[in-house]
Amino acid sequence: MEHAEQIYQRLVEICGERNVLRDEPMKNHTLVRIGGKADFLVWPETYEQVIEVLRLKEEYGLPFTLLGNGSNVIIRDGGLRGIVMQLKHLNRIWREGNNVIAQSGADIKAVSRFALEQHLTGLEFACGIPGSVGGAIMMNAGAYGGEVKDVLDHVKVATLSGELKTLKNEELELGYRTSLISRTHDIVLEVVFALRPGDYAQIKAKMDDLTFQRESKQPLEYPSVGSVFKRPPGYFAGKLIQDSGLQGKGFGGAEVSTKHAGFIINKNNATAADYIATIEMVRKTVKEKFGVDLELEVKIIGEE
């Protein structure tokens, strides 16, 4: 890459040496443990650093990828060019009135637990969702009958050119696993959840029940991206895959889970190519058997 050393030094000036990695294998930073190298991986510690990195990206015309905690993404084996940013240091969670405010890099499960500790109800559904707050907003994450849309008040974002703005719930076009931000690629910095006072014991009982359901049904013992496919109208993706006889099948180190057919696991050092080939096998087979097109919930990014 042209100016690679210069770009690295500028990134170090902005974020500090410990927060900038070069040629970093992204399999170290995704929950599925798959992914080629990123040219530069940066972890800003302040909103100002986020803005400065964005301006640097603009100055050099670099490709840019924002990654949450790597839970809902497959990075191809060729990796990611330019700058990859994770906001793991921006992870504060606090309360103002009945609102819980969280920075983008906080774990959505941690926000759910914080709400419980504060005797606030509304985020129980998120107690088992693997992902960052920013990722949860982008995907309008949901589970067990609840979704982000139900409790979101507003978000603070940075545009890709480095401008700050506030967007209200109704401006975010939150739908089933989609949002305006998933199309504009604005960077979520801070989120305000509007919750209600509740009974601690009742909130905890609901969270315990949802956690039990999740642990008993999902293959949490292996790396995965979580739920691979969106729910097709009138069907359940996992049931279609199960009825297609695909459990235990796959390519290379990737395999359709025998515990929950909606999950594809990294059973043995799978590559992105293995994982994507397994996805395509599932889609093709389900289409042939049932005439249903399975749409991806997971994002596939990076170079071949």
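Even glycines carry a Cβ here, placed using N, Cα and C.
The domain 'FAD-binding PCMH-type' feature in Swiss-Prot is assigned to 34-198. Under the heading active site, Swiss-Prot lists Arg177, Glu297. Per Swiss-Prot, the feature active site, proton donor maps to Ser227; the stated evidence is sequence analysis.
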Taking the Cβ of Glu297 (active site) as centre, how many other Cβ atoms lie within 10 Å?
20
Pop the mean pLDDT for the domain 'FAD-binding PCMH-type' (34-198) in here, whole number is fine.
95
